[in-house]
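Below is one structure; the comments refer to it alone.
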Amino acid sequence: MIFNPVISNHKLSHYIHVFCTFTTFCILGTETRQAITALSTYTPAFVTAPTVLWSNCSSCMLMGIMQSLNAYTWMKDHQVLFLGVTTGYCGALSSFSSMLLEMFEHSTNLTNGNIANHTKLPNRAYGIMEFLSVLLVHLMVSMGSLIFGRQLGKEVIVAYGSSSFSKPYTPPSDTVKENAGDVDTQEMEKNILEFKFKTPAPFFKKFFDIVDKLAYALAFPLIILFVVLCAYYENYSRGKWTLPCLFGIFAGFLRYWLAEMFNKTNKKFPLGTFLANVFATLLIGIFTMVQRGKKHFSTDVPIVNSLNSCHIVSALISGFCGTLSTISTFINEGYKLSFINMLIYYTVSIAISYCLLVITLGSYAWTRGLTNPIC
C-alpha cells in the first residue's frame, strides 16, 4: 500500500509544498542538533562531550511519537508535515556518521581531549571496551527512545487526545511513499482492519495546520537569513551555526532521494538508508582527516591551517555528513524488520562504516598522526 498526501490537484503545487516543508525541517533539525551538542558540552558531564547521544535520543523519541500518530491515521491529512518531521527534522537531528566517528575516536584513543592531554588507555585491548561502550549506549538509548515514543504516542497522545472514531480511511495513491523508511504501513493496515481509526481533537488539528503552514512559509526566509548571516559573520558561527544548516538542506534531500530510489529494492534491507549512512561516514572520515591530520609528521600544524577553511570543513562535518546520515530512520527501520534481519542490517551498516573510518582516518592517524583543529 502506497501512502501519499493530497495537497493539490496540481503536482507542481504539491512538489513546492514538499520542498518548502522538507527544507524548513532540515534546517531546524540541523540547528537543533548543533544546539543540543553545545548545550551538553560542559564539565563535569556524566555523558562525555562532545556527543550526539542526546540528539539521537531526542530524535528517536519524536520519531516514535510520529509513528504512533500516523499509524492511527492522525496524520492522514498532513502527510507532507509527517514527512518533514520524520525524514526531515528527525533525520537531520540524529546522526549515524557522527556516532561512528565517536566510536572510532574512543576505540582508538584519538579524541581531541585525549590528544591534548596525552591520555592513554591502560592497553590497546581497552579499545574494544570503548568501541562497545559507544555502540551499545547509542543503540540501546536510541531503540529505547523509539519504543518509549511509540508508547507515549499510542497510550497518552492518541488515547487522550482523540475526539472520536472516524470513518474507515483509504489512503490516496500519489506522492510521499513508504520507501523513505519512516511510514509504517503494516501497522496502519492492522489498525484499519481492527477499526482503530481515530480523529485528533480540534486542538491538534489546528496545531498541525499551523505547523504545516509555518513550515511551508518559512523555507525561503530561513534560507535567505542563513545565507546573509553566513556571508556577514566570519567568526566561529560560520562553522557552527550558519553554514551547517545550508549544507544540511542538500544532505537531507540526498538522503530522501536515496531512500526513495533504493529502499524499495529489498524489503529486508533498506538499501537507501544504508547507502546514505555509509557514504556520510566515508565523507566524515575524509573531512576529519583534512581538519585534524598533521601536515607534516614532525609538526602539529593540521592540513587545513586557515581559520575560514577550518570553519567550512566543520560545517561539512556537522551539516552535510551529520544530516546525510540518520539514526532515527535507521533505528525505526530496524524496529520494523524481523529480529534476524534487524541484526544483519545493523551489523553490516556499522561494520562497513567503521572499516571505512579505519581505512581513511585511521591509516592517516597511524602514519602521520592527528592533532587538534585550529577552530
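A Cβ is built for glycine as well, from the same backbone N, Cα and C atoms used for every other residue.
For the topological domain 'Cytoplasmic' (1-11), the model's average pLDDT works out to 50. Taken from Swiss-Prot, the feature topological domain 'Cytoplasmic' covers 1-11 (among others).
According to Swiss-Prot, the feature transmembrane segment maps to 12-32 (among others), an assignment based on sequence analysis.
Annotation source Swiss-Prot lists transmembrane segment at 35-55 (among others), citing sequence analysis.
Residues or ranges marked as topological domain 'Cytoplasmic' by Swiss-Prot on the basis of a curator's inference: 56-79 (among others).
Positions annotated as transmembrane segment by Swiss-Prot, on the basis of sequence analysis: 80-100 (among others). Long-range contacts of the transmembrane segment (80-100) within its own chain (CB-CB distance under 8 A, at least 6 residues past either end) are made by residues 5, 7, 14, 17-18, 21-30, 32-33, 36, 52, 55-56, 58-60, 62-63, 66-67, 69-70, 134, 138, 142, 176, 180-183, 208, 211-212, 215, 248, 251-252, 255-256, 259, 277, 280-281, 283-284, 318, 321-330, 349-350, 353-354, 357.
Among residues of the same chain six or more beyond the topological domain 'Extracellular' (101-127), those with a C-beta under 8 A of the stretch's C-beta atoms are 51-52, 133-135, 138, 281, 284-285, 288, 292, 354, 357-358, 361-362, 365, 370-373. The topological domain 'Extracellular' feature in Swiss-Prot is assigned to 101-127 (among others); the stated evidence is experimental evidence.
Under the heading N-linked glycosylation site, Swiss-Prot lists ASN109 (among others). According to its DSSP assignment, ASN109 (N-linked glycosylation site) is coil. The Cβ of ASN109 (N-linked glycosylation site) lies under 8 Å from the Cβ of THR119, LYS120, LEU121, GLY127, GLU130, each of which sits 6+ residues away along the same chain.
Within 10 Å of the C-beta atom of ASN117 (N-linked glycosylation site) sit 9 other C-beta atoms, taking all shown protein chains into account. ASN117 (N-linked glycosylation site) carries a helical DSSP state (H, G or I). According to Swiss-Prot, the N-linked glycosylation site annotation covers ASN117 (among others).
Sequence annotations record features per position, and here Swiss-Prot assigns transmembrane segment to 128-148 (among others).
What Swiss-Prot records for 149-213 (among others) is topological domain 'Cytoplasmic'.
Residues or ranges marked as transmembrane segment by Swiss-Prot: 214-234 (among others). Within its own chain, the transmembrane segment (214-234) is flanked in space by residues 17, 19-21, 23-25, 27, 81, 84, 241-243, 245-246, 249, 308, which lie at least six positions past its ends and keep a Cβ under 8 Å from the stretch.
Within the chain carrying the topological domain 'Extracellular' (235-241), a Cβ under 8 angstroms from the stretch's Cβ atoms is held by residues 31, 34, 38, 229, 308, 310-315, 318, 375, all 6 or more beyond its ends. The topological domain 'Extracellular' feature in Swiss-Prot is assigned to 235-241 (among others); the stated evidence is experimental evidence.
In the three-state DSSP assignment, the secondary structure recorded for ASN235 (N-linked glycosylation site) is coil. Long-range C-beta contacts of ASN235 (N-linked glycosylation site), restricted to its own chain and to partners at least six residues apart, with a cutoff below 8 Å, are absent. Under the heading N-linked glycosylation site, Swiss-Prot lists ASN235 (among others).
Proximity of distant same-chain residues to the transmembrane segment (242-262), defined by a Cβ-Cβ separation under 8 Å and at least 6 residues beyond the stretch ends, is recorded for 22-23, 26-27, 29-31, 34, 87-88, 91-92, 177, 179-181, 222-223, 226-227, 229-230, 233, 270-273, 275-276, 280, 311-312, 314-316, 318-326, 329. Per Swiss-Prot, the feature transmembrane segment maps to 242-262 (among others).
Remark: secondary structure over the topological domain 'Cytoplasmic' (263-268) totals 3 helix, 0 strand, 3 coil, with classes taken from DSSP. Sequence annotations record features per position, and here Swiss-Prot assigns topological domain 'Cytoplasmic' to 263-268 (among others).
Per Swiss-Prot, the feature transmembrane segment maps to 269-289 (among others); the stated evidence is sequence analysis.
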Contact yes or no, the transmembrane segment (269-289) and the transmembrane segment (339-359), 3+ Cβ pairs under 8 Å, gap 6+: yes
Residue distribution over DSSP helix, strand and coil in the topological domain 'Cytoplasmic' (56-79): 17 helix, 0 strand, 7 coil
Secondary structure content, the topological domain 'Extracellular' (360-375) (per DSSP, counts of residues): 8 helix, 1 strand, 7 coil
